[in-house]
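> Below are the structure tokens for one structure; questions will follow.
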Amino acid sequence: MKALVKREASKGIWLEQVPVPTPGPNEVLIKLEKTAICGTDLHIYLWDEWSQRTITPGLTIGHEFVGRVAELGSAVTGYQVGQRVSAEGHIVCGHCRNCRGGRPHLCPNTVGIGVNVNGAFAEYMVMPASNLWPIPDQIPSELAAFFDPYGNAAHCALEFDVIGEDVLITGAGPIGIIAAGICKHIGARNVVVTDVNDFRLKLAADLGATRVVNVSKTSLKDVMADLHMEGFDVGLEMSGNPRAFNDMLDCMYHGGKIAMLGIMPRGAGCDWDKIIFKGLTVQGIYGRKMYETWYKMTQLVLSGFPLQKVLTHQLSIDEFQKGFDLMEEGKAGKVVLSWN
């Protein structure tokens with residue numbers, strides 16, 4: 001079967017022929033229909049410092065997908081061949097304190113598909129049946145293909161109460177853009193998004209952001225003054241940029257709450273005085289709550305949340321290089337690849 005493989009320890013990704021996997025007793029074989037390129041996939045493509053210490057060459061990458069059940073393991077019940085599914089890309093152990101305590105998203109033994117084990121950029125893949133998420137008929141496959149990052153955005157946006165609150169989002173990648181839309185959809189007062197990429201800031205505005213700020217041209221403090229704000233009640237850090245995070249700390253209202261998804265460089269510092277003397281709460285976010293986040297993000301789309309506005313490109317798998325080029329240049333929202 002075709003698969004996108006990180007063949008070499010250098011920049012690039014390669015379309016290769018690999019064996020079709022065989023599902024174990026509690027697994028399901030999935031025939032992929034559509035997959036989406038994530039920022040993590042771009043890191044692996046670029047072979048940056050994180051990838052070099054994390055990825056073993058020879059890996060089939062990818063973790064954002066939708067497909068149909070092609071074969072059931074001998075012990076699997078509750079699913080049918082031909083059923084359309086996505087899946088939680090974090091495979092957890094099931095026996096640690098957090099898994100047994102109902103907090104599997106905090107499992108210290110988590111294995112990520114497309115990072116630690118072979119992933120979804122292939123014609124077929126296997127997943128534990130317990131990780132599957134059925135996709136309702138009303139949701140098109142091109143949107144279901146990126147439920148994984150949509151779930152990251154939903155986890156962040158729903159971590160704290162944002163109804164009637166002023167929200168600052170640093171980083172207008174697809175996850176930040178979607179999070180901005182969710183915050184407005186559920187009743188935030190002002191949602192301000194910062195970045196230096198005007199293309200992606202426009203997508204955030206299209207999804208409902210009150211103001212988008214190119215911080216290379218405009219002062220965030222000036223925008224706050226225009227909105228008659230003393231500070232932000234909730235911050236969502238999506239950029240992984242230490243300067244953006246410190247700007248957020250500077251602009252938070254006393255007692256504010258911050259959800260952090262962006263991965264900071266090793267050794268990055270911050271102004272601890274702002275966190276301490278403002279009484280800020282900082283919560284790390286990893287993945288999605290299993291499976292409450294999946295339920296809520298599904299219902300958001302079914303209730304009219306315009307997730308389609310962040311989808312900018314649909315390509316065939318043979319055009320994968322164009323997709324990675326668009327992501328590298330910052331000229332895309334979500335890029336979806338078709339395997340049909």
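The backbone N, Cα and C atoms fix where each Cβ goes, glycine too.
Per Swiss-Prot, Zn(2+) 1 binding site is recorded for C38, H63, E64. As annotated by Swiss-Prot, active site, charge relay system applies to T40, H43, with the evidence given as sequence analysis. Residues or ranges marked as Zn(2+) 2 binding site by Swiss-Prot: C93, C96, C99, C107. The NAD(+) binding site annotation in Swiss-Prot covers I175, D195, R200, L261, G262, I263, I285, Y286, and the record cites sequence analysis as its basis.
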> Per DSSP, C93 (Zn(2+) 2 binding site) is which: helix, strand or coil?
coil
> So if I measure Cβ to Cβ from I263 (NAD(+) binding site) and keep only same-chain residues at least 6 apart in sequence, which ones fall under 8 Å?
W50, G240
> Determine the minimum-neighbour residue: among C38, C107, I175, L261, listed as binding-site residues, which Cβ has the fewest other Cβ atoms within 10 angstroms?
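Looking at the binding-site residues C38, C107, I175, L261, the Cβ with the fewest others within 10 Å is that of C107.
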> List only the single closest residue to E64 (Zn(2+) 1 binding site), chosen from the recorded positions H43, C96, R200 by CA-CA distance.
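Looking at Cα distances from E64 (Zn(2+) 1 binding site), the smallest one goes to H43.
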> Would you kindly give the Cα-Cα distance separating I175 (NAD(+) binding site) and C38 (Zn(2+) 1 binding site), rounded to the nearest Å?
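Per the Cα atoms, C38 (Zn(2+) 1 binding site) and I175 (NAD(+) binding site) stand 10 Å apart.
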> Quick check on the binding-site residues E64, D195: which one has the highest count of other Cβ atoms within 10 Å of its Cβ?
E64
> Using DSSP, would you call E64 (Zn(2+) 1 binding site) helix, strand or coil?
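The residue in question, E64 (Zn(2+) 1 binding site), is strand (DSSP, three-state).
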> Rounded to a whole angstrom, what is the C-alpha distance between R200 (NAD(+) binding site) and T40 (active site, charge relay system)?
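On Cα coordinates alone, these residues lie 18 Å apart.
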> For the Zn(2+) 2 site given as C93, C96, C99, C107, which other residues of the same chain have their Cβ within 8 Å of the site's Cβ centre?
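These residues sit around the Zn(2+) 2 site: V92, G94, H95, R97, N98, R100, P104, P108, N109, T110.
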> Could you tell me which of these binding-site residues, C93, C99, has the fewest other Cβ atoms within 10 Å of its Cβ?
C93
> Reported as an integer number of Å, what is the Cα distance between G262 (NAD(+) binding site) and T40 (active site, charge relay system)?
11
> Whole-number Å distance between the CA of D195 (NAD(+) binding site) and the CA of T40 (active site, charge relay system)?
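Cα-Cα, rounded: 19 Å.
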> Between L261 (NAD(+) binding site) and C96 (Zn(2+) 2 binding site), how many Å separate their Cα atoms?
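Given the Cα positions, L261 (NAD(+) binding site) is 24 Å from C96 (Zn(2+) 2 binding site).
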> Compare the Cα of C93 (Zn(2+) 2 binding site) against each of the recorded positions T40, H43, H63, I175 and report the nearest.
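Its closest listed neighbour, by Cα, is H63.
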> For D195 (NAD(+) binding site), name the DSSP secondary structure in the helix/strand/coil scheme.
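Strand, per DSSP.
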